[in-house]
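A.B. asks: Before we start, here is the structure in question, set down as structure tokens.
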Amino acid sequence: MWTLAGQGWWRGRALAAWVTEAARKGLLWPHLAPARGTAAESRAPDRCYSSADRKEKIDMSCFPVENTRNFSIIAHVDHGKSTLADRLLELTGAIDKTKNNKQVLDKLQVERERGITVKAQTASLFYNYEGKQYLLNLIDTPGHVDFSYEVSRSLSACQGVLLVVDANEGIQAQTVANFFLAFEAQLSIIPVINKIDLKNADPERVEKQIEKVFDIPGDECIKISAKLGTNVESVLDAVIKRIPFPKAHCRNPLRALVFDSTFDQYRGVIANVALFDGVVSKGDKIVSAHTQKTYEVNEVGVLNPNEQPTHKLYAGQVGYLIAGMKDVTEAQIGDTLYLHKQPVEPLPGFKSAKPMVFAGMYPVDQSEYNNLKSAIEKLTLNDSSVVVHRDSSLALGAGWRLGFLGLLHMEVFNQRLEQEYNASVILTTPTVPYKAVLSSAKLIKEYREKEITIINPAQFPDKSKVTEYLEPVVLGTIITPDEYTGKIMMLCQARRAVQKNMMYIDQNRVMLKYLFPLNEIVVDFYDSLKSLSSGYARDKAYSVGKAICERLKDSLPRQLFEIAIQAALGSKIIARETVKAYRKNVLAKCYGGDITRKMKLLKRQAEGKKKLRKVGNVEVPKDAFIKVLKTQSDK
């Protein structure tokens, strides 16, 4: 599917002219009959190619800054971002119009399997509007909160966004979060109400929600059906009219922001860059502001949506750059690239991602440690929001402690390791970081600070040496039909949440804001919210400890002596299970006789087991450890 994308571009001028004329007459795609935005006229003009058959590089000097627009598509999960991106690619001739165009920019296997976008993708579109040729750089972004770091990085390369809202569902939680990301970045926001073709769609109600929650006039909303292609042309027109062109200058020295990157085993690091100033071309020597290393540019180009080499990239444009970076540590997201001997003030870059969930990751076989290390380094180059610390476990050996933005982020990272690098790993139960204010002078001297952050439960200091423990909290937004408000409020209270705000966004929908302890929502809160269940008590220590003891009891092999399994909270034992010992029938050889003989044999056996319990060792198999780490038992 990828290799065929855009083939209709390369068949010569005669075919292109026929397509243009046919489209004008409405013979092709009648709903696109106005010639202004048809695929045939929306390619780069002939003069921008170095040969008539258009197989050569595009001359990007044909697109001055005034004719360039950089924008992202942002929305809640499943509101139609990727479908809209598909239609925009078709309208501008970047891909052929076929029924198979679904999630064209979602190139990862995990994205297609789960039906969600987890990685922002870029595409440069050529569009003819009112006789002028425009370069539209589109970035399709994820919708799930766990990938909000992808959204914030993408917005740094844009001057505007399309805020897509489902005409049936209306404004949802991540719609609000993404809006404020764009608002804080001072970007132009174009609201797009999608799925107006649905039976229960109510675009007028959603229009009023947008006006009330975001203070955007209702007449600025564009109503479309991305699935059917209805009114999608007006979205491109609005991008040109309402999103400003980049404030960039070709005459200034080069300043390029690295906002994303991938690793190719043959070509090295492929950096996605946004040029804020200057020009870059093949053969230029560039310097990384982060490492101060010098590289020679091997290739520059744009994504259309596949890689399309160009002669140069100019200020205001977005594209890719390959410069022989062979080590994954050399490509830093947020780095500034500039020409050799023309140093510039580095761009601000990005705030470091703040991990919310930590989990241990270990190779199934320690002989695979180096291969897994290489895979993690390459994948973190593509997903810089993951934080990596080296770690070790007595049971699992050498590994890492990884920090993620959420549980789905952790699952996707693990799935990508398996699919893209064929890595088999053991992933421990997710935990959240805690802070401890130390009271012990010895510990303060050891840690060199009074307040420490704990990401590994095994390193939790004893409460006798701590003044207080601190846990992370998050401000959560829940949007729900008003008939569920009571049950949801009970669920939030059971999770130790504190209500901060409650607002009706229309006659039937309520927006609740709560301050949650992160540990209470990180694993199963979303599932509980969907089922509207509030069956958990506030103190879960006993039930969790009991469950772990039961799983360990079922997993440990029996010994010749009794094994006690205990769960402790500090010095207090809160749960216990016992693995019964193997017992030899020492009375088998006794065929009657005096009872004292039998009692003597049983007493000797008991003394032997008591002595064995003192000196015996219990070896915990790796598979037993893995079973205990599962969040639910297999029963």
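Cβ atoms are placed via backbone N, Cα and C, with glycine included.
For 1-16, the entry in TrEMBL reads signal peptide. Under the heading domain 'Tr-type G', TrEMBL lists 66-247. Sequence annotations record features per position, and here TrEMBL assigns GTP binding site to 75-82, 140-144, 194-197.
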A.B. asks: Relative to the Cβ of Asp78 (GTP binding site), which residues of the same chain, six or more apart in sequence, are found under 8 Å away?
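C.D. replies: In sequence order, the residues whose Cβ lies under 8 Å from that of Asp78 (GTP binding site) (at least 6 apart) are Gly115, Ile116, Gly143, Asp166.
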A.B. asks: Work through the binding-site residues one by one (Lys81, His144) and point out the residue whose CB has the fewest other CB atoms within 10 angstroms.
C.D. replies: His144
A.B. asks: Using a 10 Å cut-off on Cβ-Cβ distances across all protein chains shown, tell me which of the binding-site residues (Ala75, Ile196) has the largest neighbour count.
C.D. replies: Ala75
A.B. asks: For Thr141 (GTP binding site), just count the other CB atoms lying within 10 A of its CB, please.
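C.D. replies: Around the Cβ of Thr141 (GTP binding site), 26 other Cβ atoms lie within 10 Å.
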